[in-house]
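Comments concern the structure below.
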């Protein structure tokens, strides 16, 4: 490794680490504001909420690494340009384009680490996060706001469970359980005056209720009970965590491809999943586009005698997040082709970098 390569990496790497730390902290703060704080306010166990936050860190690292690299390259190389260090390189007979290779090499490493993380740690953490969400539900059902009108829980057996009111200690008033089949009337309706989730289990205990079964939409049998135990499996409801299942972008590529193929075979719209599939590659590889853009901008500011301050660095970094958010939503909703939606932000920085290099050459 040449001295100039070691010097450039020495300038960029500390800023990359600092940028990644800030990106992950911002990711956690956003989760705290939007998800974790409301859960705590509703009485969720702090330890379970802390676990939920910890499981979001791998995803924050995958999202934050390329953005942190953009911040680091822009700030480090703009300082080299403003401090006349690029001019010193020219005086020593070195090409200013020698800046490109260390930056691209580091970007390639960042892309590999980000991709590997998204294929290994992120899917595992997403599954753990989903399990923890269910633990929070079983530990204290009040976090779901079950007392609100229209709240419905569903389990893996297709049963819809509604509760009129939640009392202290995880006890319920006026519980209804409806067993249905797709496109068919209700097969069974259970109503109870009271109920509770047995601590540490996924069993719903009902008191003073009635069970009605139906055949051809007409009551077939009616039975009353004093107590009944109703096992529930994979009880899901909105915990304000985004979904009751792992987001497609957090699935391994093999599972995501299988999901896309299944949707296509069923004739369903797979825009959301296809956008996620392209994002699996586009987001890590954005690091290469960022490195190219950062070097091009440094050379342009050197040729023009300008300077790029911290405010501009932050604005250019935020610009990626803004364009990424817009194109992602358009792709997931089918308004844009999934490939275009995923790769457009990368392409914008590549095109901008190429334009800056051409302008720098003309100076």
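One is the number of the first residue shown, and numbering goes on along the chain from there.
Glycine is no exception: its Cβ is also placed from the backbone N, Cα and C atoms.
Taken from TrEMBL as is:
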type     : residues : note
TRANSMEM : 12-40    : transmembrane segment
TRANSMEM : 60-78    : transmembrane segment
TRANSMEM : 99-116   : transmembrane segment
TRANSMEM : 281-300  : transmembrane segment
TRANSMEM : 307-327  : transmembrane segment
TRANSMEM : 339-360  : transmembrane segment
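Beyond its flanks by at least six residues, the transmembrane segment (60-78) meets 8, 11-13, 15-20, 22-24, 27-28, 99, 103, 106-107, 110-111, 113-114, 117-118, 121-122, 283-284, 286-287, 290-291, 293-295, 297-298, 301, 307-310, 313-314, 316-317, 320-321 of its own chain at Cβ-Cβ distances under 8 Å. With respect to Cβ pairs under 8 Å, the transmembrane segment (281-300) is most closely packed against 339-360, considering the stretches 12-40, 99-116, 307-327, 339-360. The stretch from 12-40, 99-116, 339-360 that makes the most Cβ contacts under 8 Å with the transmembrane segment (307-327) is 339-360.
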